[in-house]
Amino acid sequence: MDMQNITDLYKIDKKTTLYPNIINKYNYMAYLLFPNNATIFNSYITKKEVFEYPMQFAIALYPVYKLYWHNINICLNNRFIYLSNEFKNNISINTVYNLLYNNELKFEDDNIIINGKNLKISYSAYSYVTIISQITINISSLNKYQIYGIIESANYLGILSSYKQNKYFDKNLFSFTKSELRSTMIDVQLKIFEIFISKKNCIISGGTGIGKTTVIPKLFWWFNLLFDGYEFWNTSNENKNINDFIFKPNFEKNKTILSLPRKALIRQMGINYIKSLGFDNISGSPIILKYKDVKKEKEYYNNNPILYPFVLSVNRITINNIKHSNSVIIDEIHEHDKFGDIAIAIARTKKKKYNIRNIVLISATIESDIDNIRIYFKNIVEIYIPGVSLFPVKEIECEDKDVISILKNYMPSVGKSVIIFYETIKKINEYKEILESILIDKIYKIYTIHSKITNINAIINKLQNDKKHIHIILSTNYLESSITITNATLVIDNGKMYQKKFLTGSTMYITESMYIQRKGRVGRISKGTYIRTYSKDLLQTTFKHINYQYLWEYILVFKYNNMDYYNDLFIKPDDPSRIENTLNYLKNINIDIDKYISLLYSKFNKYEINMVEYLSIYINNSTSDIILLNEFIDNIRNSDKYIFPYRLTEIFHKLNVRCRCINITETEEGNINCSFVILNNYDGDPFFKLSFEKSNLICRYNKIYYIVSMSPLYLID
């Protein structure tokens with residue numbers, strides 16, 4: 001095939017190119033790369049360029065037919081034949097084909113004259129009519145005018161890119177913003193394209209600020225937009241039959257799905273993608289956000305999505321959206337969010353059944369996970385994209401753990417932010433009071449960010465745009481992944497996190513990947529400083545979250561999806577007998593998952609079921625009892641205002657999830673710690689603690705209480 005090499009078109013740095021062997025392998029993609037508008041430009045391709053190397057552009061027939069010609073009409077108006085999605089002035093394809101076949105044509109710069117008929121036809125319409133009417137020919141038989149007609153339509157769509165900037169239509173599908181992140185460069189794009197067309201799975205890791213979250217998923221969506229449904233990548237383009245090329249593919253609008261652990265990440269990434277594609281707001285864009293109650297939020301709910309959907313979903317909702325997805329991308333896998341691990345398991349197990357093209361895992365670091373990933377995914381492609389901070393980050397190990405003295409020595413300038421990591425919400429609130437009592441100058445603004453804060457995006461937007469204050473942000477590990485605070489120049493990190501373990505939890509040191517993520521909160525927009533008040537040899541090397549989680553949610557989801565409870569797990573518990581113990585417990589409390597799995601799964605998706613015992617009520621109780629339970633679930637987080645009905649007390653007593661108070665101690669601060677043991681415990685640590693203010697103490701030593709909620713933890717007599 002007569003084509004130019006990509007290396008002859010684009011400037012390729014041989015020293016930094018990660019995949020030199022594949023660049024000229026895909027020369028036909030030279031003008032269909034994702035435009036970063038820094039080195040690859042969203043461009044208008046000229047007739048001259050097409051005529052010089054027509055076969056270089058032939059593959060554009062597929063996305064043009066898919067995105068434009070597939071639902072187009074031929075129109076005749078003012079003696080001009082053209083393509084339009086209008087339903088007026090239509091003319092049949094056979095009529096136009098006969099006009100073209102039986103008359104002499106004069107090919108001019110902008111259109112084609114049909115001699116003797118006083119008619120003109122656009123190159124797009126000429127190409128459409130002559131190609132659709134001769135679908136048995138090979139692509140190699142297309143003439144340069146037909147190929148230019150394809151490109152004229154592609155120019156109209158705005159899906160073409162080039163090594164040089166050219167004019168383009170004002171009404172293109174997208175208006176791409178400039179990005180110089182490493183993942184937008186040609187070698188990485190072509191590697192992602194290769195994975196896409198070969199239907200391979202991959203694990204992607206790399207340095208901070210290379211575009212793991214902001215770019216890589218967008219590349220999979222871009223190639224899905226252009227080529228979803230096309231399967232014939234194993235032969236040369238010129239040998240392909242037109243019929244096979246554009247009529248055999250399945251044009252179902254399969255989505256690209258990016259799965260993230262938290263709603264705040266979904267919102268921030270959603271806004272990022274919307275703006276990067278040139279949209280002012282989410283409605284009318286291809287971006288769809290999925291998390292609980294998103295329909296109530298006008299800024300984040302897309303009631304009019306276009307084209308091939310690009311879905312950003314929290315892991316909890318992803319597990320029900322994997323079907324009809326082309327590329328399933330699970331980000332932040334190093335966090336081992338429970339539903340993230342479940343989503344990985346469903347995608348791998350159902351890949352063939354659901355015709356998933358790619359499963360893509362993204363992580364800051366993979367050292368602790370790579371052995372398991374290689375076992376779980378056979379022949380997975382491993383991609384590492386090296387990157388340094390866009391700006392230098394100075395790392396300091398500080399023996400003085402006093403945050404006040406550190407701030408005095410390293411306080412950022414006005415308009416900048418400092419992020420201080422602590423392990424618990426309680427610790428954050430304590431230090432907020434301390435800082436507010438010491439930093440009394442009005443120049444300082446102090447914020448807390450954690451999972452209980454509902455308006456995180458609004459807080460971040462406010463402090464990023466406020467140039468008149470110094471912003472001090474106290475955060476749990478909530479801020480360590482993906483969320484970028486553009487004016488952050490300083491991070492102070494005690495290296496600790498609170499790890500939930502069944503009904504209790506403990507403070508522990510963070511992992512290597514978490515350290516990298518926290519350090520990476522600075523150095524993206526400007527130079528920064530990372531101060532740690534711990535030694536790096538205290539970092540955790542391995543930690544299995546599943547060893548400290550109840551397994552009933554895994555079992556319920558796996559049962560519904562006909563998956564093996566143990567072998568299909570992405571991360572397996574060290575003690576496999578826990579699975580059998582959980583299954584036996586379900587039987588003992590009259591939860592027949594074999595008989596009622598559809599009902600149970602629907603309730604599991606509709607309500608925040610934080611205790612497996614609730615499922616027994618949905619199966620065995622009356623409608624009025626179920627209504628009481630649902631009202632309780634909706635109000636549990638405002639339990640101090642909730643009036644507990646007597647009938648609901650009876651229901652929970654019957655569930656019989658009991659615990660005994662085994663110890664009561666008073667802290668130095670005057671609070672009361674009560675220790676409990678779960679009676680008839682079937683899994684995990686049976687011991688847990690609750691703290692009360694002395695005036696609000698409600699428990700008595702050796703008394704039995706009933707657990708009615710595990711998250712938040714709530715007991716009744």
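Start at 1 and count along the chain as shown; that gives each residue its number.
Cβ from N, Cα, C; glycine included.
Feature list (source: Swiss-Prot):
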- GLY206, GLY207, THR208, GLY209, ILE210, GLY211, LYS212, THR213: ATP binding site (BINDING)
- 193-384: domain 'Helicase ATP-binding' (DOMAIN)
- 406-566: domain 'Helicase C-terminal' (DOMAIN)
- 331-334: motif 'DEXH box' (MOTIF)
Same-chain residues near the motif 'DEXH box' (331-334), Cβ under 8 Å, at least 6 residues beyond its ends: 212-213, 217, 258-261, 265, 340-341, 344, 361-366, 368-369, 481-482, 511, 513-514
Count of other CB atoms lying within 10 Å of the CB belonging to THR208 (ATP binding site): 19
Neighbour count (Cβ, 10 Å) for LYS212 (ATP binding site): 25
Chain-internal residues, separated by at least six, CB under 8 A from GLY211 (ATP binding site): SER179, LEU181, ARG182, SER183, THR184
Cβ atoms near THR213 (ATP binding site) (within 10 Å, other residues, all chains): 24
Other C-beta atoms that fall within 10 angstroms of the C-beta of ILE210 (ATP binding site): 24
Which listed residue (GLY206, GLY207) has most other Cβ within 10 Å, given these are binding-site residues: GLY206
Number of Cβ atoms other than its own within 10 Å, given for GLY209 (ATP binding site): 20
For the ATP site built from GLY206, GLY207, THR208, GLY209, ILE210, GLY211, LYS212, THR213, further residues of that chain with CB within 8 A of the site's CB center: LEU181, ARG182, SER183, ILE385, GLY387
THR208 (ATP binding site): secondary structure state under DSSP, collapsed to three categories: coil
Per-region confidence, the domain 'Helicase C-terminal' (406-566) (mean pLDDT, whole number): 92
DSSP helix/strand/coil residue counts for the motif 'DEXH box' (331-334): 2 helix, 0 strand, 2 coil
